[in-house]
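Asks: Below, the features straight out of TrEMBL:
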- 12-34: transmembrane segment (TRANSMEM)
- 46-67: transmembrane segment (TRANSMEM)
- 88-106: transmembrane segment (TRANSMEM)
- 131-150: transmembrane segment (TRANSMEM)
- 162-181: transmembrane segment (TRANSMEM)
- 193-215: transmembrane segment (TRANSMEM)
- 236-255: transmembrane segment (TRANSMEM)
- 261-277: transmembrane segment (TRANSMEM)
- 284-302: transmembrane segment (TRANSMEM)
- 322-343: transmembrane segment (TRANSMEM)
- 350-367: transmembrane segment (TRANSMEM)
- 373-391: transmembrane segment (TRANSMEM)
Amino acid sequence: MPDRWRKPRRRSLRSVMATCMLGGAVVLAVPYFVPVPPSVGDSYALGFSNKAAWMLFLAFAAVFCWWRGEIEPDAGTMEMAPLGRKQLLWALGLTLVTQVALWWYGARFGPQFEAPYLMDRLGHLAEGRKVFADFEFAYGAGLLYVPLWLSRGLKVSLLNGYLLSLVLENLLGVAMFWAVAKELARGSRHARAIFWLVYGTMFVWAILFGAQYTPMRYWMGPWLAMSIYRLGLERGRYAAALCVALASVGLLLFVSPEQGVALLAGTLLFGALFLHGRRVWLGLVLVGLGGVGMVWELYRLGGLDTAMAMASGGYGVPVTPAPYLVPGIGLMLAAGCMLVEAVRRRAQGSIGLYVVCCGVFCVPAAFGRFDVIHFLANLSAVTLVGWFAVARKERYWWWAWRGYAGLALTLLAPTAVIGAWWLGSQWVKAEQHPLPVVRPEGPRMYAPFGEIAPWPDGRIARVDTGRFYGLENVMNPQQVREKVEELRGQGQAPIVTVDRSCVAHSTRLGVMHVTYGLYAKAPLRESHTMDPICDELRTHYEPVSGGQLPGGFKIVVRKP
């Protein structure tokens, strides 16, 4: 056997820690010296290149995993607590109770947090406008079509259709997560503990009212990968598996484009590393061509515009030594070591390795908007594989689960408590002091900064937010120009603005938000990306007589 394929010698804990600290220092420091294009986000203001960060991390991970090798399992590892249907039923029951409670709350007081953006976009779709072509949407079109179909099919309001879709997508996502975890848990002693650790992390996101944060969005890809693997490698039906793979890519592009791209690229990577045979390779080429064709069509329709703006630095948050960085990176490296060791030994592929191959292409999204939710959610599947890799060695497992549980209690639990407190405070506020709104029967006006009325009263103002929802996802100069042209296109029609929108769009000074990390240096530059929008309003618009509304809102018209 050639030397390069031999199993690496055992590495001491001291050498592993020193190597990780060196790699971490490179990933955290070098991106500050890479130029960043103008955009809206903390990364631009601080001069941090998120693209350089994830590229450096992948390079370091490949070298580290080749050097470290796979985690050696303890002798006699066997399945002592299998993951059964009882865990699934408990998880589904807890999810159902939570989501029904949120449905009741949202239907009565209006959804909070992420929902205003999605409800506004859903309203555009219900009026007959086309997703991407007529209005911006950052996610897969399926997240809008499903609530629209539910609303029309059940003859309920758009709000109830959306809230019902959240219930269904959360339940479906939990079931998919359980199925993947059960498959990966074969031979593990700690399957149940791992299941509840990961489920507990996802559960915290349930109060965000966002379809983009349901477990379905992040677990549909791994579940489809598992189905493709079973059909092709376990049953030997390669042609059917390749057809299912192509259909799965299309479905994921409809629900979550970045997950669809990850499944396509991960399938090709897995096939290149572990599959052999001329016919199989020909099938992979056909899948690749078909998948690239679908991605190109989505790009042509504008479905990747927001994702590409984010990839170029929009809404970027610098990678910092945040508390959640350590477990996330550690679990990814554990999963990566499994993949590299399998390639080194020329071993047969597995579902876990297939999931890791797909997870490699989720790293850019995780390192882009580097906060606790985006980081852990985008890496959900690959970190699950990492959990089962760590659980093979009792000493590692003892430290890993205690550290992660402590981190969850100190970071995620307070987030859930604060969110619950916020919902309660908005409930009381809406009951005691209903906020004024523009009635649906009133005149319809363009609102360049988003909805006119705060959401807690549950009534949607009759305004047209246009292609973008306020300044949401307006991230680069090109999108700012689109917003200005749309504003000019209103002519002499009155529009609704809000005083607090035209403020300095720069990053926070000194200490950044706790979910971004510990500390960060002061900004290197002020972001003036949004200035053309505010300059247009200040220069060419004036308030109408009696146009001042409660809450800082006002009606303005273009100067003659």
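Note that Cβ sites are derived from N, Cα and C of the backbone, with glycine treated the same way.
All annotation found in TrEMBL is predicted automatically rather than curated by experts.
Situate these features within the shown structure.
Replies: Residues 83, 87-88, 91-92, 95-96, 99-100, 102-103, 106-107, 111, 115, 118-119, 122, 143, 146-147, 150-151, 154, 156, 191, 194-195, 198-199, 202, 206, 209, 211, 214-220, 222-223, 226, 355, 380-381, 384 of the same chain lie 6 or more positions beyond the ends of the transmembrane segment (162-181) yet place their CB under 8 Å from a CB of it.
Within its own chain, the transmembrane segment (193-215) is flanked in space by residues 81, 83, 87, 91, 94-95, 98-99, 102, 106, 111-115, 118, 138-139, 143, 147, 162, 165-166, 169-170, 173-174, 176-178, 181, 185, 256, 373, 376-377, 380, 383-384, 387-388, 391, 401, 404-405, 408, 412-413, 415-416, 419-420, 423, which lie at least six positions past its ends and keep a Cβ under 8 Å from the stretch.
Non-local neighbours of the transmembrane segment (236-255) in the same chain are 140-143, 216-217, 220-221, 224-225, 227-229, 261, 263-264, 267, 279-280, 283-284, 286-287, 290-291, 294-295, 298, 303; each lies 6+ residues outside the stretch with a CB under 8 Å from one of its CB atoms.
Same-chain residues lying 6+ beyond the ends of the transmembrane segment (284-302) with a Cβ under 8 Å from its Cβ atoms: 132-133, 242, 245-246, 249-250, 253, 257, 260-261, 264, 267-268, 271-272, 275.
Among residues of the same chain six or more beyond the transmembrane segment (322-343), those with a C-beta under 8 A of the stretch's C-beta atoms are 7, 20, 24, 57, 61-62, 64-66, 68-71, 273-274, 349-350, 352-353, 356-357, 359, 363, 366, 370, 372, 375-376, 379, 382-383, 385-387, 389-390, 400, 403-404, 407, 410-411, 515-518.
Outside the transmembrane segment (350-367), and at least 6 residues removed from its termini, the chain residues within Cβ reach (under 8 Å) are 50-51, 53-54, 57-58, 180, 183-184, 221-222, 225-226, 228-230, 258-259, 261-263, 265-267, 269-270, 273-274, 311, 319, 328, 332, 335-336, 338-339, 342, 374-375, 378-379, 381-382, 384-385, 388.
Same-chain neighbours of the transmembrane segment (373-391): 70-71, 177, 180-181, 184-185, 188-191, 194, 197-198, 201-202, 205, 213, 215, 218-219, 221-222, 324-325, 327-328, 330-335, 337-338, 352, 355-356, 358-360, 362-363, 365-367, 397, 400, 515, counting only residues six or more beyond its ends whose CB sits under 8 Å from a CB of the stretch.
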Asks: Is the transmembrane segment (131-150) packed against any residues at least 6 beyond its ends, judged by a Cβ distance under 8 Å, and which are they?
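Replies: Same-chain contacts beyond the ends: 118, 121-122, 124-125, 156, 158, 161-162, 164-165, 168-169, 211-212, 217, 252-257, 260, 301-303, 305-307, 466-469, 473.
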Asks: Other than its close neighbours in sequence, what residues sit by the transmembrane segment (261-277), given a CB gap under 8 Å and a spacing of at least six beyond its ends?
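Replies: Distal contacts: 221, 224-225, 228, 245, 248-249, 252-253, 284, 287-288, 291-292, 295, 342-343, 347-349, 353-355, 357-362.
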